[in-house]
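Feature annotations, reproduced from Swiss-Prot:
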type	residues	note
ACT_SITE	ASP147	active site, proton donor/acceptor
BINDING	ASN9, GLU388	Mg(2+) binding site
BINDING	LYS16, HIS207, LEU208, GLY209, ASN210, GLY211, ASP282, CYS283, ARG284, GLY333, ILE334, GLY335, GLU336, ASN337	ATP binding site
BINDING	ARG88	substrate binding site
SITE	HIS179	site 'Transition state stabilizer'
SITE	ARG240	site 'Transition state stabilizer'
Amino acid sequence: MSKLVLILNCGSSSLKFAILDPATGEEKLSGLAEAFFLPEARIKWKLNGEKGNADLGAGAAHTEALNFIASNILNDELKNSIAAIGHRIVHGGEKYTQSVIVTDEVVKGIEDAAQFAPLHNPAHLIGIREAFKAFPHLKDKNVVVFDTAFHQTMPEEAFLYALPYSLYKEHGVRRYGAHGTSHYFVSREVAEYVGKPADQVNAIICHLGNGGSVSVVRNGQCIDTSMGLTPLEGLVMGTRCGDIDPAIVFYLYKTLGMSMDQIEETLVKKSGLLGLTEVTSDCRYAEDNYDDESKPETKRALNVYSYRLAKYIGAYMAVLGDDHLDAIAFTGGIGENSAHVRELALNHLKLFGIKIDHERNLATRFGKDGVITTDDSAFKAIVLPTNEELVIAQDTAKLCF
């Protein structure tokens, strides 16, 4: 068996894992351990096409999950074929512009950037430490892949906020972006789709899932993106508000008497589609009930969501200027599967000569890729499934094999 990469994506209460062959992209194992620290902590997986699941035990967390993977899921052949471990890291700050092998200095850098990703980076560090314990023979073969790295090519006019400059120089307050691994992968897929070298492609990429972001790519490099200092800025998301007037925070604090913790919870966990529907953060609910007059919240939510998305796409078309836009790409759970969201958003952009093909759009869902605009559309819109795990596996292999 060829050299394989174990991929870990640690959240505060969950752990996604996979084993890939970086040379072929073949997935040997995928799974999710979830409900950490709760009585119902559990793990589910698919190994060589066969599904399995198990209880991890009340209160189980990252340690128990990784030990279970190593001891109960992996057979000897698969375990012996794992030659390196790749970790997804949400925030690398300004320091990291590419993937690196884990060292004490790198761990310190991830800790320093945790102030901008307090829910994610500490969990990633737990994953790294537990991987060292579960696979001690691979301690020098752990690689971190940063979601912020792809966006580090943004020019100053894109990443600076109009705040006192000292906040940037002394405290690192600037736009960093997120979902960079996905944006990188899809930008390369666009290049292949339109028959251009990756370093010549110009694209607008819409990664739409429970979290969502848009980036604009010129000559293969990111020049702007919608998420900011944290993943709260930008698009309407599942539970996150995206762009708002910053003075709303003052109003909630001073006039409504909300604490800063309550305000943070409102903006991060109670807003977005959940806030607009007052029912759910699931886009499918809004899509399925869009025309139901007894549920006006669904149309309200989806219209706000798609309008915000269209504004970003239109703005980024302007940012490209004279550089020809090769394609608008949709990816992520909503981007790949919600024909309705794509159509609502693109219909706002008819001024640019974009014409969506209704039948193509409906046919391009559930893992299918393809062009969803008409042949005479001024610009192509394409659906392209993302594969962040493959990027992590390939980056890890480059550094370790």
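Each Cβ is built from the backbone N, Cα and C atoms, and glycine gets one as well.
For the ATP site, whose annotated binding residues are LYS16, HIS207, LEU208, GLY209, ASN210, GLY211, ASP282, CYS283, ARG284, GLY333, ILE334, GLY335, GLU336, ASN337, the maximal Cα to Cα separation is 23 Å. Counted within 10 Å of its Cβ, the other Cβ atoms near ASN210 (ATP binding site) come to 16, all protein chains included. If you measure from the Cα atom of GLU388 (Mg(2+) binding site) to that of LYS16 (ATP binding site), you get 12 Å. Closest by Cα distance to ASN9 (Mg(2+) binding site), from the recorded positions ASN210, ARG240, GLU336, is ASN210. When the neighbouring Cβ atoms lying within 10 Å are counted for each of the binding-site residues (LYS16, ARG88), the highest count belongs to ARG88. Around the Cβ of HIS179 (site 'Transition state stabilizer'), 30 further Cβ atoms fall within 10 Å across all displayed protein chains. When the recorded positions ASP147, ASP282, GLU336, GLU388 are compared by the number of other CB atoms within 10 angstroms of each CB, ASP282 has the fewest. Closest to ARG284 (ATP binding site) in space, going by CA atoms and restricting to the recorded positions ARG88, ASP147, HIS179, ARG240, is ARG240.
The Cβ of ARG240 (site 'Transition state stabilizer') has GLY211, PRO231, LEU232, LEU267, VAL268, SER271, GLY272 as same-chain neighbours under 8 Å, each 6 or more residues away in sequence.
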